[in-house]
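In what follows, a single structure is set out as structure tokens and then discussed.
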Amino acid sequence: MADKIKDAKIIFVVGGPGSGKGTQCERIVAKYGYTHLSSGDLLRAEVASGSDRGKQLQAIMQKGELVPLDTVLDMIKDAMIAKADVSKGFLIDGYPREVKQGEEFEKKIGKPCLLLYVDAKSETMIKRLLKRGETSGRSDDNEETIKKRLDLYYKATEPVIAFYESRGIVKKVDSELPVDEVFVQVSQAIDSLK
Ligand SMILES: Nc1ncnc2c1ncn2[C@H]1C[C@H](O)[C@@H](COP(=O)(O)OP(=O)(O)O)O1
Ligand SMILES: [Mg+2]
């Protein structure tokens with residue numbers, strides 16, 4: 001089964017909370033037909049299902065912490081296999097959150113051809129998340145949890161970018177710009193893959 005996804009194009013989309021990963025992924029899906037898999041969305045769907053696993057996940061996410069590595073990876077892999085026949089490639093949004101997650105992903109699934117680094121200042125991310133929190137219904141879009149998520153991003157996730165820099169596959173886009181202008185940079189990064 002996993003063979004089906006071995007040759008698929010895989011893009012890691014990495015950036016802080018509220019940097020604009022989901023927004024840019026939506027555009028990529030529309031233009032390039034990639035499949036968008038947000039680890040956060042997959043986890044929130046599990047929470048919404050009301051399963052026991054979902055209840056455990058909710059408690060962790062509400063604290064702004066990372067859920068166990070194997071849980072997220074299994075969910076991503078299942079979702080990739082389900083879409084393998086119809087997908088031109090995969091956008092893995094919000095994963096890896098730490099270097100170890102990237103290593104495990106490569107062992108169990110495959111290597112990314114690009115890491116799209118969606119970069120914004122922390123003040124910008126906080127502002128966007130507080131605004132998003134007015135309507136998102138996300139229990140982690142509150143001031144206290146946002147601060148923890150940002151701390152964890154700088155501590156655990158920025159090293160992921162450095163790790164893939166050394167492999168030469170990181171493309172950074174300036175997500176301080178308006179969405180359309182960010183997407184111009186995103187498109188250039190994806191077009192240069194072919
Ligand atoms: N370039 C941009 N300029 C202004 N607002 C943006 C933006 N990119 C995203 N946003 C808005 C949309 C959302 O309400 C909020 C967070 O964006 P998001 O795509 O949900 O971020 P992420 O998925 O990285 O957490 O910011
Ligand atoms: Mg998102």
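Placement of Cβ uses the backbone N, Cα and C atoms for every residue, glycine included.
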According to TrEMBL, Gly18, Ser19, Gly20, Lys21, Gly22, Thr23, Arg132 bind ATP; which one of Leu43, Leu57, Leu66, Leu177 is annotated to that same site?
Leu177
TrEMBL annotation, AMP site containing Ser39, Arg44, Glu65, Leu66, Val67, Gly94, Tyr95, Pro96, Arg97, Gln101, Arg138 - matching residue among Arg128, Arg149:
Arg149
Out of Gly18, Gly20, Gly22, which of these binding-site residues shows the lowest number of other CB atoms within 10 Å of its CB?
Gly22
Between the Cα atoms of Glu65 (AMP binding site) and Gly18 (ATP binding site), what distance do you get, rounded to the nearest Å?
16
Taking 10 A as the limit, how many CB atoms besides its own sit near the CB of Lys21 (ATP binding site)?
22
